[in-house]
Amino acid sequence: QYSFKEVFGTLVAQKELFEVVAKPLVEDLIRGKNGLLFTYGVTGSGKTYTMTGSPGDGGLLPRCLGMIFNSIGPFQAKRFVFKLDDKNGVDVQSEVDALLERQRRDVLPVPKTPAGKRALDPEFADMIEVQDQCKVEEVDEDNVYSVFVSYIEIYNNYIYDLLEETPLEPIKPKWNSCNTPGGNGDSIPPQSKILREDQNHNMYVTGCTEVEVKSTEEAFAVFWRGQKRRRIANTQLNRESSRSHGVFIIKLAQAPLDADGDNVLQEKEQITLSQLSLVDLAGSERTNRTKAEGNRLREAGNINQSLMTLRTCIEVLRENQLYGTNKMVPYRDSKLTHLFKNYFDGEGKVRMIVCVNPKAEDYEESLQVMRFAEVTQEVEVARPVDRPLCGLTPGRRLRNVAFQEELSRRLEMRGGPLGEETDQELPVPSFPPLPPCELLDIHDDQTLPKLIEALEQRHKIRTKLAEELARTVRAFKAAFQELDASVLSKEQHLQGQLAHKEETIAGQRSELERLEKKIKTLEYKIEILEKTTTIYEEDKRNLQKEMENQSQKLQQQVSDKRRLEARLQGMVAETTLKWEKECERRVAAKQLEMQNKLWVKDEKLKQLKAIVTEPRAERPQRPSRDKDWEKPAQRSLSPPPVPVTPTARPRRRRSRSAGGGRWVDHKPPCHVPTETVLQPQVPHAITVATASERALAKCDKYMLTHQEVASDGEIQTKLIKGDVFKTRGGGQAVQFTDIETLRQESPTGRKRRSSPSNPDPPEDTPDSEWTDVETRCSVAVEMRAGSALGPGYQHHAQPK
């Protein structure tokens with residue numbers, strides 16, 4: 001479904017279509033405004049019929065011409081009073097120059113345009129015989145009008161003049177393969193025209209033939225002459241398919257009369273030139289339906305391309321109006337849109353008639369046509385046109401006509417009866433005839449007296465005629481003086497009215513100047529406000545962008561903070577778990593150590609009790625060694641003791657300190673002597689408290705003694721070794737290569753295998769065999785509580 005301003009059925013009359021669509025454009029044309037009317041649709045949908053009409057029922061074009069000449073008929077100027085120049089302008093000539101121009105044109109052997117009184121061509125005579133006399137009601141009678149028509153076509157994106165009289169010069173014959181001249185019926189094709197822009201930025205066709213016409217018949221004859229030259233072809237969809245866009249241009253020039261209402265005002269600034277363009281577009285078509293080939297295919301491509309450019313221009317205009325953008329409209333992509341650029345920019349009113357063929361085969365094309373036509377309704381391009389103000393009193397033509405009629409009447413009243421009385425009383429043949437003047441006898445005395453008498457009678461009659469003539473002249477002079485006085489009084493009256501009107505006009509001009517100054521002031525204020533608004537809007541946009549950036553940064557910081565909090569929470573949880581495990585391990589180790597100490601004290605107390613309570617006389621003998629070694633073998637539930645290892649385990653690889661070379665033994669002042677059995681012994685060493693360049697220059701080996709407190713509270717000594725080498729700058733540098741660690745551990749007791757809930761086992765249990773000092777010392781030396789390999793298995797010297 002599509003919506004339009006007006007929808008006409010298949011049986012609508014041409015008159016009704018003209019009344020709704022074209023009549024407002026003709027009224028605007030006479031009022032000095034431009035208009036554009038074009039028919040649009042698929043091929044074979046009736047565009048040419050709508051524009052031209054049929055015999056007995058004229059279309060829009062003949063009805064527009066008839067309405068124009070019905071409205072301005074009595075007010076038309078004589079030929080060549082208005083003269084079009086070659087720059088889309090118009091000049092005005094005086095009556096004398098126009099008369100000379102007409103005489104010069106009549107002498108030239110140029111084919112004249114058909115006049116309205118001549119016999120009409122029977123091909124179009126029925127089209128322009130419209131019964132209803134349609135005319136514009138309000139026509140300015142103080143203006144004179146002239147109509148100029150031109151007819152062009154746009155074929156393959158080239159502009160051709162259909163009214164141009166091209167000489168039919170035959171082309172030289174071409175020789176064929178048989179060495180015989182071919183046909184020479186071809187003529188030189190017409191030259192394409194160029195589009196130009198005038199000083200008012202209006203587009204026009206350079207060198208286009210523009211004919212001045214004075215009647216509907218003459219204008220339509222010019223149109224019909226160009227219509228015969230328009231390119232049409234027979235396709236599968238239309239027997240007479242238009243292969244070009246036809247543009248019929250009607251220009252109306254009008255200028256005001258002078259103050260006397262007799263002649264045209266000779267001021268070019270007061271001339272108004274309006275234009276009405278009637279465009280018969282070629283139909284859009286699909287080549288797969290028309291089966292076009294060769295020239296027909298090329299023509300169809302150019303037609304569709306120009307119509308597509310028209311659609312694109314309308315869509316860009318609509319987008320600029322709806323969204324406030326300023327996109328460039330591609331007028332120059334096609335001659336059709338480039339020619340009517342001014343209409344789309346607002347220089348006049350544009351009307352489109354969409355022709356639709358109800359055939360089912362045209363369904364898809366008709367949908368596209370109506371979709372585009374519906375979009376064009378949203379484009380508003382019309383704007384008012386200011387007409388020049390002449391400042392003369394209206395009604396000048398009527399007053400001049402009334403003056404001429406009154407003058408003729410007065411002259412007839414004054415001069416008519418005198419002429420009749422003279423003719424009746426003194427007719428010229430009333431003179432007495434002259435007697436015969438021949439003297440035959442010398443004594444004849446009758447001829448001369450008769451002649452003298454006749455001459456005297458004639459003299460009296462002549463004197464009487466002279467007196468009557470003088471009396472008539474005096475009467476005519478009196479009438480003329482009376483008329484002159486009447487004219488003078490009228491002129492004085494008119495001058496008084498003119499002075500009054502001039503005073504009114506001066507007051508209005510001053511008011512207009514004041515309003516113009518006020519308008520300029522308001523425009524200046526509006527401009528300042530617009531600039532201020534633009535600045536504020538720019539600041540607003542910048543602040544919004546800055547706020548968006550700050551919000552983004554804030555969101556980023558919040559997300560980073562959340563990630564950091566999550567990371568810290570994970571680290572805290574991990575560290576908490578780690579320290580909980582470490583605390584549990586240390587508590588367990590401490591508990592084991594305390595239990596071992598309690599076990600040792602318990603054993604000592606038991607031995608002391610046994611010694612105290614045992615009688616002195618009955619001391620048993622010490623069991624043999626065999627028994628001591630046999631009893632532990634019976635404890636199958638207890639794990640075997642770890643093999644005894646030395647406190648200093650030899651390293652598997654050869655130490656770097658075994659090599660030769662001189663050493664720098666760096667022992668800081670805070671070094672604490674350990675008094676251990678194993679001490680580092682470095683031969684040929686220079687012992688220093690602070691490393692110096694002088695000491696390093698004498699040696700090639702370096703050893704730093706570092707001490708720290710281990711996790712169990714004992715002192716741990718690290719021997720950090722390295723090589724000394726010279727640098728490029730002449731100094732010495734040390735590269736560390738090896739670390740040796742010396743640790744000291746306190747001996748601890750082994751935990752009892754019995755449960756702490758049973759602290760007093762019987763003395764005869766197998767565990768009592770483990771309480772001798774030798775066994776405990778050996779286990780304490782080789783084991784350490786809390787070790788992962790058992791009770792305290794660890795080397796005292798570990799390589800790093």
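Just so you know, glycine gets a Cβ as well, placed from its N, Cα and C.
Annotated ATP binding site per TrEMBL: GLY41, VAL42, THR43, GLY44, SER45, GLY46, LYS47, THR48, in sequence order. Its own atom aside, the Cβ of VAL42 (ATP binding site) has 24 Cβ atoms within 10 angstroms in the protein chains shown.
Taken from TrEMBL, the feature coiled coil applies to 498-574.
As annotated by TrEMBL, compositional bias 'Basic and acidic residues' applies to 615-633.
If you look up TrEMBL, you'll see 761-772 marked as compositional bias 'Acidic residues'.
Per TrEMBL, the feature domain 'Kinesin motor' maps to 1-379.
What TrEMBL lists as region 'Disordered' is 611-674 (among others).
For 743-774 (among others), the entry in TrEMBL reads region 'Disordered'.
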Using all protein chains shown, find which of the binding-site residues GLY41, GLY44, GLY46 scores highest when you count other CB atoms within 10 A of its CB.
GLY41
How many neighbouring Cβ atoms, not counting its own, are there within 10 Å of the Cβ of LYS47 (ATP binding site)?
24
Over the coiled coil (498-574), work out the mean pLDDT and round it to an integer.
92
